[in-house]
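K.L.:
Provided herewith is a single structure, encoded as structure tokens, for subsequent inquiry.
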Ligand SMILES: *Cc1c(COP(=O)(O)O)cnc(C)c1O
């Protein structure tokens, strides 16, 4: 296998110390009591980077498991759930709510803009009878970034439990779980965190645990049941054997994040410079307001086939970027500049490959996109 230069919005490149951590000798994590401390300590480090004192749990499965575990654990048949939707992942929450018998009620926003908080406030003044609400921090297929610092406190004011999918944002965008009153926030190992795919982790507030404990009916899942994880440390019992090597890798990746004091600013600088360079070169950004600093989504110029463009970048320069899916399939390409990929050298080389590929297919850029990107670095 020839490993490409992975510049997708997750999975990302994995640093050597994370790969090495995954190669360490392992133990029996159920019977070796040291592992309960190792697991708890890893959760506390995750809590530190999420800026929360809430309980954190790491589950064996990638981001989607985190989404489903939150919905499975909170939803009872007939519950009204507010689904804040301005993108593919936003909308997708409704399917999970329905699987567990809930009734999703949509608050829909413009798909090219961040959620309008004033509009949401007006909506909630008319109807706020929801058990919980779901919102996506960065909706990765479109690159829209929602302002959860305003959305979550507003929901909480109305007594609504908040569930935030921050899989592709946390670590690269500001996230203050306690200050912003987020009951459940979930992430994945393979995005900004920059470990391989395989793990999800969630921080769970006391209110969220209380909501689960006061259910009338039991949680209709075992693997997605967050409540059975509540007292794992006291009971020295895991619901299933934790994937030791994955967790060792995740811990190294989280330590990398905690040590990297420039990480948020670097994402901001790089995100902004990519957007500026793209626009100066004559290309269009898909998002019109509420830009993510972890992924840039670019409209495919008329007459160009996005698959051919991406294949050319891969064949000729070994650079792997993404297309998108759902209503965006074929319409946009996506460059991930998150985590280990939020580096000037990696982004420059990617933009170079993009420019060459566009030129190959007859699209002439208005400026040298790499020079433009480098101007403000
Ligand atoms: C990546 C991602 C997930 C996890 O989904 P996969 O496609 O299975 O990796 C969930 N939510 C968001 C916003 C994501 O970007």
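Even glycines carry a Cβ here, placed using N, Cα and C.
Automatic prediction, not curation, is the source of TrEMBL annotations.
The substrate binding site annotation in TrEMBL covers 334. The feature domain 'Aminotransferase class V' is assigned by TrEMBL to 29-321. Summarising the annotation, TrEMBL assigns N6-(pyridoxal phosphate)lysine to 191.
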K.L.:
Restricting to the same chain and to sequence separations of six or more, state which residues have a Cβ under 8 Å from that of residue 191 (N6-(pyridoxal phosphate)lysine).
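P.N.:
Residue 191 (N6-(pyridoxal phosphate)lysine) has long-range Cβ partners 9, 10, 11, 12, 63, 140, 167, 168, 170, 171, 294, 338, 339.
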K.L.:
Are there any residues in the same chain, six or more apart in sequence, whose C-beta is under 8 angstroms from the C-beta of residue 334 (substrate binding site), and if so which?
P.N.:
8, 9, 140, 141, 143, 295, 296, 297, 298, 321, 322, 323, 324
K.L.:
Pop the mean pLDDT for the domain 'Aminotransferase class V' (29-321) in here, whole number is fine.
P.N.:
98
